[in-house]
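Noted in TrEMBL for the protein shown:
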REGION    1-34  region 'Disordered'
COMPBIAS  1-14  compositional bias 'Low complexity'
DOMAIN    37-176  domain 'Phosphomannose isomerase type I catalytic'
BINDING   GLN135, HIS137, GLU162, HIS300  Zn(2+) binding site
DOMAIN    195-280  domain 'Phosphomannose isomerase type I helical insertion'
Amino acid sequence: MGAPTSPAPASASPPRDKPAADASPTPADPPTPLTGLLRLRCGVQHYAWGRRGGASLVARLSGAAGPDPDLPFAELWMGTHPAAPSAVLPAGEEPLGAWLARNPAALGPAVAARWAGDLPFLFKVLSVAKPLSIQAHPDKSLAELLHAMRPATYRDANHKPEMAIAVTDFRALFGFAGIEELKDVIRTVPEVGGLIGHEDADKLMTVKEYHGGNDVKSSLQSAFAKLMTASKEAVSEAVNKLKGRLNDESKIRTLTEKEELVLSLERQYPEDVGVLAALLFNYVKLSPGEAIYIGANEPHAYLSGECIECMATSDNVVRAGLTPKYRDVQTLCSMLTYKQIFPEILRGVPVQPYVRRYTPPTDEFEVDCCLLPRGEVAVMAPVPGPSIFLVMTGEGEVQIDCMSDGEKAKEGDVFFVPAHTEVKLSACGHASMQLYRAGVNGRALYAGNAAAAGKRSQLQNICEMAS
């Protein structure tokens with residue numbers, strides 16, 4: 001087969017899971033691209049919930065030689081966030097953020113102007129062995145407030161919308177279940193109803209789905225806050241009662257998936273209120289290649305599996321359960337949207353042979369997945385923003401701007417590609433090569449270029465009129 005060529009990105013992001021449009025605007029007067037492909041050395045986070053040793057995809061991608069079998073390898077970070085900044089090779093001493101400060105053209109003018117000369121996205125790989133906390137990420141205004149009030153806990157002032165793309169089977173809790181499912185929990189799980197209390201339980205039981213959204217939100221918020229702020233002694237008693245009851249009932253009936261999940265969570269986080277709260281959330285199961293987008297102020301918890309994750313450059317997390325870390329229960333209960341909707345499962349949109357694009361409803365990022373069969377080639381057209389490429393499996397070559405010499409690429413290699421740079425990917429070896437690319441959402445890139453072109457046109461008209 002001939003080498004397929006990527007279409008230029010459209011002026012606005014295509015509808016999710018709809019074919020991308022063929023028509024593409026021409027960016028206005030792109031600057032001369034920087035030459036050179038940057039290899040990156042990326043940081044690893046050893047959070048306690050990560051998979052251990054060589055069983056972790058993060059350990060394998062990070063190139064850890066003989067990884068300690070008892071050490072958790074939880075997250076691989078690719079980006080400029082100061083908690084684990086990527087470094088530019090071969091020296092590996094200069095952080096990517098410092099390099100970008102010296103070379104702002106690598107971001108492209110629209111990105112550099114809008115995001116103050118920094119990379120707007122953080123790219124990650126996660127290897128989850130044990131459930132993460134029940135958590136949410138603040139919107140921009142709340143992030144600014146939390147950072148100003150408690151900078152030691154909330155270390156930046158940015159929001160953190162994120163998207164998780166399953167690499168293996170992946171399990172998560174996300175958002176509140178529908179009102180009928182919540183009513184069923186109150187009816188059949190007295191341990192939860194007891195902590196919520198009769199008044200709030202009765203309000204939820206009498207709410208109708210066609211009542212105003214504010215009625216449902218108010219009732220749910222009050223009930224959830226009662227549960228999450230119950231005393232440690234009351235929670236411990238309720239969790240132990242629920243565990244004993246389910247263990248007894250498992251001898252005479254088949255437990256539901258949610259009930260099995262509750263027992264699993266209790267074994268890992270004994271007497272934790274998150275064990276009970278899990279019953280109020282949607283239980284999401286992703287197959288490899290499926291993804292979910294998590295917006296600001298939405299409750300969630302990753303449970304197991306491995307995934308690619310991309311987000312706005314932030315590490316702000318508000319936690320309230322299933323964690324030994326600091327819990328900011330009041331903030332979490334007050335910030336949530338209390339929407340009751342099962343998340344849309346994203347599967348990516350084909351943008352050219354071998355390449356699928358995941359486009360979330362946020363400007364900071366998009367992700368491409370490229371699966372190249374052995375001997376095949378894909379050409380990624382230049383875009384007016386930066387990209388980071390991760391080789392997930394296989395080996396091949398990465399060549400930029402039709403330069404004669406490409407860079408050898410193998411599993412775990414990470415490359416930074418400047419704005420306005422064409423990338424040619426070739427799969428070699430005995431198997432296919434899989435890569436992921438994170439970049440700025442095309443909607444934001446081309447909107448910025450259109451605005452800049454409009455300003456230039458106005459200036460030209462003024463000059464012509466003056467002459």
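Using the three backbone atoms N, Cα and C, a Cβ is placed for every residue, glycine included.
Over all protein chains present, the Cβ of GLU162 (Zn(2+) binding site) has 24 other Cβ atoms lying within 10 Å. Secondary structure of the domain 'Phosphomannose isomerase type I helical insertion' (195-280), assigned with DSSP and counted as helix (H, G, I), strand (E, B) and coil, comes to 65 helix, 0 strand, 21 coil. In sequence order, ALA136, LYS160, ILE294, GLU298, PRO299, VAL317 are the same-chain residues whose CB sits within 8 A of the CB centroid of GLN135, HIS137, GLU162, HIS300, the residues recorded for Zn(2+) being left out. Around the Cβ of HIS300 (Zn(2+) binding site), the same chain contributes ILE134, GLN135, ALA136, ALA172, LEU173, PHE174, GLY175, PHE281, ILE294, each under 8 angstroms and 6 or more positions distant in sequence. Cβ neighbours of HIS137 (Zn(2+) binding site) (same chain, under 8 Å, six or more residues apart in sequence): HIS159, LYS160, PRO161, GLU162, ILE294, ALA296, ASN297, SER314, ASN316, VAL317, VAL318.
Cβ neighbour count for GLN135 (Zn(2+) binding site): 23 (other Cβ atoms within 10 Å of its Cβ, all protein chains included). Taking H, G and I as helix, E and B as strand and the rest as coil, DSSP gives the domain 'Phosphomannose isomerase type I catalytic' (37-176) the counts 35 helix, 43 strand, 62 coil. Predicted-model confidence for the domain 'Phosphomannose isomerase type I helical insertion' (195-280) is 93, expressed as mean pLDDT.
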